[in-house]
Structures are given as structure tokens and as C-alpha cells.
Amino acid sequence: MSDAPVIAVERLSKAYAGGFEALKEVSLTIRRGEIFALLGPNGAGKTTLISVICGLVNATAGRVLVDGHDNVRDFRAARERIGLVPQELTNEAFVTVWDTVSFSRGLFGKGKDPAHIEKVLRSLSLWDKRDNRLITLSGGMKRRVLIAKALAHEPEILFLDEPTAGVDVELRRDMWEVVRQLRDSGVTIILTTHYIEEAEEMADRIGVIRRGELVLVEEKHALMRKLGSKELTLHLREPLEAIPAALSRHALALAEEGHALVYTYDANEPDEDQAGIAELLADLEAAGIGFKDLHTRQSSLEEIFVSLVRETA
Amino acid sequence: MNLQSVKTLYLAEMARSLRTVLQSIVSPVISTSLYFVVFGAAIGTRISEVNGVSYGAFIVPGLIMLMLLTQSVSNASFGIFFPRFSGSIYEILSAPISYWEIVIGYVGAAATKSVVLGLIVLATARLFVPYSIAHPLMMVVFLLLTAVTFSLLGFIIGIWADGFEKLQLVPLLVITPLTFLGGTFYSIDMLPPFWQAVTLANPVVYLVSGFRWSFYGISDVSPVVSLGMILLFLTAALVVVERIFRTGYRLKP
């Protein structure tokens with residue numbers, strides 16, 4: 001497999017008829033075989049981004065390459081590589097599971113292959129339900145059917161739009177397991193979610209989208225390292241106007257109008273440049289700065305996320 | 001051309017009508033047959049011949065046209081409206097299939113259904129009234145062209161409609177009145193001169209007239225004009241569909 005990105009989104013913009021800008025010059029590359037989580041609050045543009053890539057929405061500017069194929073000019077080559085699982089449970093009510101999944105395969109231009117359909121249905125625990133009409137299935141089962149439909153034509157790339165929205169905890173675990181198995185079989189997966197837990201659990205990389213802008217794309221492990229960053233807050237006996245020169249080698253900040261000193265450090269991987277807590281305390285004592293209380297706090301991905309999406313533009 | 005995809009769409013649409021065989025096949029055949037019984041066999045025997053053709057036989061082509069137009073429009077409009085309504089259109093729009101291939105799938109299936117229905121009704125009519133077909137080949141040509149044209153119109157309506165009411169509006173308020181006033185039950189030379197002129201603005205007149213010509217060799221307007229008008233409607237429908245696709249109207253924001 002080549003190292004070329006499986007999807008390249010280049011300066012993609014989308015303004016809807018009313019003037020609402022859903023996407024603002026979004027650029028993003030997806031690596032072959034990864035699980036990429038697109039994280040963002042409702043209305044941030046996650047679904048619009050997916051919809052443009054899959055051909056459901058026309059872009060206003062920019063372009064999308066799927067495995068090197070422009071998704072507008074060379075839409076057949078681009079689209080046959082993609083499977084899409086939409087957010088809404090949309091189905092014809094009166095057809096059977098088997099028929100609707102077979103329909104999807106044919107619609108994407110692939111010849112009949114009952115063995116493949118069987119494999120897909122079994123992997124999603126739908127085999128026993130193959131002759132059931134869709135209307136008789138539970139919500140969780142319907143979502144599985146949508147996944148089966150998206151996998152029917154053996155796509156290299158699978159988009160999952162909010163795969164676990166409105167799904168109970170147990171089914172969510174199952175869904176994650178299914179996604180992992182797919183990734184292991186070589187499928188690239190892009191999922192959107194507003195559950196941080198989900199992104200943390202599943203993704204290799206995480207992108208955060210806010211008001212149509214991609215504000216962060218990072219390896220999950222890098223984010224986890226940020227997660228590992230801790231804060232030590234010292235409540236001082238006497239307020240300080242500025243951080244004394246004697247303490248300048250420490251990563252310190254003043255807070256609470258000089259009543260507190262905040263020291264940020266990495267608990268997992270102590271940095272060579274940083275002197276560490278012990279030395280900070282020694283320096284404080286030498287400088288004659290007393291404190292009455294201290295506490296430490298770990299920032300979570302949730303906080304990083306919330307601060308990112310709350311920032312005003 | 002992505003034949004596999006088109007075939008899949010076409011067959012799925014055909015399967016949908018087979019699932020609802022009562023509604024999509026039996027009911028139009030029965031309701032059209034009722035016309036034959038009432039206007040053909042019962043009342044028709046008391047009405048004098050029209051241009052040398054018995055009244056019962058005279059109305060056969062018009063009634064088939066009436067059913068053909070209604071069925072083409074309703075089949076095709078529902079076919080594309082329903083996935084839009086249920087949301088399952090996402091799959092068709094994200095498939096490696098062009099707009100025109102989507103049209104061939106949906107309109108092809110709708111037109112096939114109407115033609116099959118037309119032939120069933122034609123065979124059923126035989127039970128009630130005797131008729132003859134002077135130009136069988138042209139009869140089939142008129143049948144096919146009309147079915148395709150009005151299935152395209154239905155497709156347009158199915159994309160335009162944003163609710164079930166609008167979906168019913170055009171067939172109910174436009175197609176049915178135009179058909180009844182389009183010479184289904186009478187020859188337009190039975191009308192006063194003024195209304196004859198007005199009637200010529202009704203597109204259905206040309207369809208019924210041409211179709212009736214293929215049966216009995218009699219017509220209100222020249223069959224060539226009829227054929228020309230059908231081709232004109234077909235072209236107009238294709239132009240509108242092309243515009244819908246180019247602008248993404250109601251399908252692709």
C-alpha cells in the first residue's frame with residue numbers, strides 16, 4: 001500500500017443558500033488504514049464535511065481527492081471506494097435485510113456475491129435477521145443494517161456519521177469492536193462523534209472541528225500527552241505582583257490576582273528542561289515565598305475540547 | 001455507463017410495484033375496466049357512432065391514455081419522492097452513478113410499468129368492446145413515447161414536491177382534468193368552434209388523437225402533428241430534468 005493519503009481535502013468551503021458558512025477552507029488528509037475521529041459540537045460542520053466528500057453536498061470551493069481521484073470530475077472512481085453510514089436511520093421499511101444489503105452492492109456497481117453479503121451480515125450479527133423486514137428491527141439493529149449496506153460493495157474507506165448516537169452502552173461497545181475489526185481488515189475509517197470518550201477509545205488521530213473550521217488535528221497519543229499535563233496550584237500567603245526572577249526557570253504563571261502560582265508540568269514524561277517540583281519548592285523557600293495550600297489537577301481531553309470549541313472567533 | 005447500478009435501481013423499483021401488486025396493477029386495471037363497462041358496454045350502445053366507430057370502441061384509446069398518463073406520473077413521482085422523504089436517497093446520491101443513470105433506473109421502471117398496464121387494459125377492453133388496431137407499430141410507438149414522457153414529468157414532480165400533498169396535486173388538478181377534456185370521451189369536432197380552438201391548447205388532445213389514429217385511422221389532428229407534439233413534450237421534460245441536475249435542485253444543496 002502506498003503512503004499517499006487515501007483522502008485529501010484541499011481548502012474546502014461550503015456556504016449554504018442562506019449564506020451560512022458550514023465549512024471554511026478546511027484542509028485535511030486521511031492516512032490509509034487509520035481510524036480518524038472528527039470531533040465537534042452539533043452544527044460544527046462534521047456532517048457537511050462528510051457529505052461533501054461522499055457527494056451528497058456540492059462544495060462552494062476547494063476539492064476532494066479520494067485515492068487520487070477528484071470526487072466531482074472522477075466521481076465514479078472516488079465514490080466506489082467509499083461506504084457511508086448516515087446519522088439518521090433511513091430505510092425502506094418493507095424490504096428484508098438481505099434484499100436491502102444486496103441492493104446496496106448492486107447500486108455501487110458490483111455483481112452479486114452472496115458469500116460476501118453473508119460474511120458482512122455475520123460480522124454484524126445480522127445473519128439471523130436476514131429475512132426480517134427492516135420495519136421489525138430495533139434501532140440498534142437498523143444501525144447495523146446501515147453499516148452492512150455501506151460495507152456491501154467492499155469499500156476501502158468507511159464513513160460513520162455519529163455511529164453510536166442514541167445507542168445503548170452495550171451496543172456501543174459492540175460497534176467499537178466492529179469498527180476495530182474493519183480497521184484490522186485494512187479499511188480506513190472516518191467517524192464523527194461528539195462523544196470524547198468515543199474518540200479517545202477508537203481513534204488513531206483526532207480532528208476537532210468548530211464552526212466550520214478544523215481547529216486541531218493531532219495523533220491521539222499526542223493529545224493523551226496533553227492529557228498527561230498537570231497543574232500544580234500554590235495558594236500564596238502574600239500576593240505577588242510579578243514572578244520573581246529567581247523563579248524564572250520554572251514554567252510558572254500567576255493566577256487569582258497574584259494570590260496563586262500555577263506550575264504546569266508533565267507527569268508522564270518529565271522534561272529535561274524543566275526542573276521539577278522538588279526544585280521549584282526549594283527555590284520558593286529560598287526566595288522566601290510561603291504558601292498556605294496546594295493542589296494538583298490533571299487536564300482532560302474534555303477540557304481541551306471544551307476550551308477549543310468555546311473560544312470565540 | 002454503469003449498467004450494474006442502473007439494473008439494480010430498475011429492478012428494485014420493479015420489485016416495489018410487485019410488492020404492492022394490488023395497488024399498482026390490479027386497481028388501475030379495475031378502475032379503467034369500469035369505464036369500459038359503463039361508457040362502452042352500457043351507455044355506449046345508445047350513443048351513435050363517432051366517425052364510423054362505435055362509441056365503446058371509440059373511447060378505448062382515450063381511456064388507455066388516461067390510465068397511462070396517470071400511472072406514469074404517479075409511479076415515477078412516488079418512486080423518487082419516497083427515498084427523498086425517507087432519507088434513503090443518500091445512498092443513491094453517494095453511489096458511483098450519474099444523474100442520467102438514476103433517471104434511466106427510475107423513469108425506465110415507471111414507464112415499463114405503465115406500458116405493461118396499458119397492454120393489460122387493452123387486453124381487458126376486449127372483454128367488453130370490440131376494437132381493431134390499424135397501425136400496431138405506431139400504437140406501440142405512441143404508447144412508449146407517452147409513457148416515457150409522462151414518467152419524466154412524474155420524476156420532475158417527485159423532485160419538486162416537498163410533501164405528499166404536492167405529490168397528489170398535479171395528477172389530481174392537472175393531469176386528470178386535461179385528460180377528461182382532451183377528447184377521451186368525445187371527438188373535438190363535437191364541440192362548438194370556440195371550444196375546439198381552446199381544446200387545441202390542451203397537450204393531451206394530441207396524445208389521445210394520435211393514439212386513436214393508430215387504432216382506427218381517424219384523428220382530430222394529424223398524426224404527424226401528434227407525434228411532433230409528443231417529441232416536443234419529451235424534449236421539454238428532458239431539458240427540465242437536465243436543469244434540475246445542473247443546479248442540484250432539491251437533491252444536492
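Every residue gets a Cβ built from N, Cα and C, even glycine.
TrEMBL lists B:19-248 with the feature domain 'ABC transmembrane type-2'.
Within its own chain, the transmembrane segment (B:20-43) has Cβ neighbours under 8 Å at 55-57, 59-60, 63-64, 66-67, 70-71, 75, 113, 116-117, 120-121, 124-125, 127-129, 185, counting only residues six or more beyond its boundaries. Among the features that TrEMBL reports, transmembrane segment is placed at B:20-43 (among others).
The transmembrane segment annotation in TrEMBL covers B:55-82 (among others).
Counting only same-chain residues 6+ beyond the ends of the transmembrane segment (B:102-125), those with a CB under 8 A from a CB of the stretch are 5-6, 8-10, 13-14, 17, 24-25, 28-29, 32-33, 36, 40, 60, 63-64, 67-68, 71-72, 75-76, 79-80, 92, 131, 143-144, 147-148, 150-152, 154-155, 241. The transmembrane segment annotation in TrEMBL covers B:102-125 (among others).
According to TrEMBL, the feature transmembrane segment maps to B:137-161 (among others).
What TrEMBL lists as transmembrane segment is B:167-188 (among others).
The transmembrane segment annotation in TrEMBL covers B:200-218 (among others).
Feature annotation from TrEMBL assigns transmembrane segment to B:224-245 (among others).
Through the fold, the transmembrane segment (B:224-245) approaches residues 99-100, 103, 141-142, 145-146, 148-149, 152-153, 155-156, 159, 203, 206-207, 209-211, 213, 251 of its own chain, all at least 6 residues removed from its boundaries and within a Cβ separation under 8 Å. Between the transmembrane segment (B:167-188) and the stretches B:55-82, B:137-161, B:200-218, the greatest number of Cβ pairs separated by less than 8 Å involves B:55-82. Panel annotation: around the transmembrane segment (B:55-82), residues 13, 16-17, 24, 28, 31-32, 35-36, 39-41, 43-45, 47-49, 106-107, 109-111, 113-115, 117-118, 121-122, 125, 128-132, 143, 146-147, 149-155, 157-159, 161, 167, 170-171, 175-176, 179-180, 182-185, 187, 204, 207-208, 211-212, 214-216 of the same chain, lying at least six beyond its termini, place a Cβ under 8 Å from a Cβ of the stretch. Sequence-remote contacts of a segment are chain residues at least 6 beyond its ends whose Cβ falls under 8 Å from one of its Cβ atoms, and for the transmembrane segment (B:200-218) they are 51-53, 57-58, 60-62, 64-65, 69, 131-136, 138-139, 142-143, 146, 178-179, 181-184, 187-188, 225-227, 229-230, 233.
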